[in-house]
Amino acid sequence: MTDRKATLTFDDKTLELPIHSPTAGPDVIDIRKLYAQGDVFTHDPGFTSTSACESTITFIDGDKGELLHRGYPIDQLASKSHYLEVCYLLLYGELPTAAEMEKFENTITRHTMLHEQMTYFYRGFRRDAHPMAIIVGVMGAMSAFYHDSTDISDPRQREIATHRLIAKMPTIVAWAFKYSIGQPFVYPRNDLDYAANFLNMCFSVPAEDYEVSPVLARAMDRIFTLHADHEQNASTSTVRLASSSGANPFACIAAGAACLWGPAHGGANQACLEMLREIGTVDKIPEYIARAKDKDDPFRLMGFGHRVYKNFDPRAKVMKESADEVLDLLGIHDNPTLQVAKELERQALEDPYFAEKKLFPNVDFYSGIILEAMGFPTSMFTPIFALSRTVGWISQWKEQLSDPAHKIGRPRQLYTGHPFRDYVEVENRG
Ligand code: ACO
């Protein structure tokens with residue numbers, strides 16, 4: 001914090017507003033006293049110029065294409081670390097010592113089972129329900145099954161809820177998948193690592209042996225790591241807003257998952273792969289690029305563009321390498337979807353429209369190709385994103401609750417409806 005001030009002058013008023021300097025990123029003008037002192041609001045739909053909280057978890061420099069978790073760059077974390085270590089880092093602020101890591105892994109591993117009664121809850125859904133519909137329901141229902149970790153004023157209960165969410169999400173998501181394909185639920189195996197256990201719960205069946213490939217488990221772990229947190233995106237802001245009212249952690253995380261589902265956010269990976277399949281062959285690409293540029297056509301290139309990244313998405317780079325590795329391992333060399341993706345990326349990046357608007361492939365552009373090659377249907381892409389992001393949501397939730405200055409989130413509005421008018425009796429209308 002500094003003594004610098006911004007001066008705002010309007011009508012006959014002049015207000016001095018404090019300026020805060022972050023450790024990285026643009027300065028912030030503190031407008032909290034603006035309404036009280038100046039009787040005006042700021043107007044910023046979509047929050048394009050608004051900082052809604054103070055945070056020490058994740059930093060993004062959209063111009064440089066930089067993503068840091070607690071200061072560590074995502075490409076180093078993706079290549080040298082692993083998901084549970086990144087979870088620890090996001091939650092507690094520092095990389096764990098070997099002993100801390102062992103304890104954390106042990107805690108997560110011992111909470112992977114779901115309450116058995118929850119299997120009946122799954123069975124209440126239609127088999128053809130989108131897995132996200134099931135997951136949002138089951139996450140919210142956790143507050144009905146785990147009452148003993150819903151008191152947010154108790155730090156121990158907060159900790160238990162955090163561990164439960166990270167530990168149980170793979171089981172929740174894998175079971176939504178199993179339910180949708182009519183296969184029996186596979187119970188978690190605590191001898192496997194986090195990603196391998198998830199793959200085992202998704203792809204093993206009681207009738208035969210299934211061995212998780214270490215390369216696929218590594219690729220899965222990398223997908224989890226790359227999606228772990230992304231500062232104040234739409235779903236995380238939803239979690240913070242829900243939490244600001246004092247709602248329990250499971251309800252808050254379910255709210256975040258519901259927001260993530262939209263195609264402009266976590267639903268983009270499913271939409272992107274469906275688009276690549278619809279394009280089908282490289283000769284059709286110019287037609288789709290022309291449609292994306294046409295203002296009268298609502299079509300957008302899914303997996304392109306980002307609110308914050310205006311140079312490149314550092315996660316997309318790592319994801320592209322992973323896609324090559326996974327397809328190599330599986331012996332998939334002439335995958336038409338990948339060919340369309342690579343050529344679409346090349347043509348779009350050469351097109352002045354995309355360059356001028358600073359539209360680059362985002363993390364979702366390549367993740368779908370990997371997940372499809374692993375055997376996941378497109379409907380599972382957003383659930384896997386939700387699984388990965390749970391740690392980000394819960395870390396931000398934890399941070400918000402530990403800030404004594406946090407308040408209920410309550411935006412105001414620029415009202416453009418009718419001013420006051422008297423009620424009109426029905427016989428006098430029209
Ligand atoms: N294809 C074509 N044009 C685009 C695209 C796209 N994918 N994205 C943005 N544009 C254009 C817009 O039409 C707009 O043009 P205009 O200035 O002439 O009106 C301009 O670029 C700016 O776009 P906005 O929508 O204003 O940018 P915003 O920051 O609000 O949106 C978003 C970002 C939602 C990600 C957008 O780029 C998009 O819809 N992309 C496709 C969906 C997608 O991939 N989402 C995943 C995001 S990453 C994530 O959640 C993991």
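Glycine is treated like the rest: Cβ placed from N, Cα and C.
Curation plays no part in TrEMBL annotations; they are all automatic predictions.
As given in TrEMBL:
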- His306: active site (ACT_SITE)
- Asp364: active site (ACT_SITE)
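In this structure the alpha carbons, written CA, of His306 (active site) and Asp364 (active site) are 11 Å apart. A helical conformation is recorded for Asp364 (active site) in the three-state DSSP classification.
Across the active-site residues listed here (His306, Asp364), the residue whose Cβ sits among the most other Cβ atoms within 10 Å is Asp364. In the three-state DSSP reading, His306 (active site) counts as coil.
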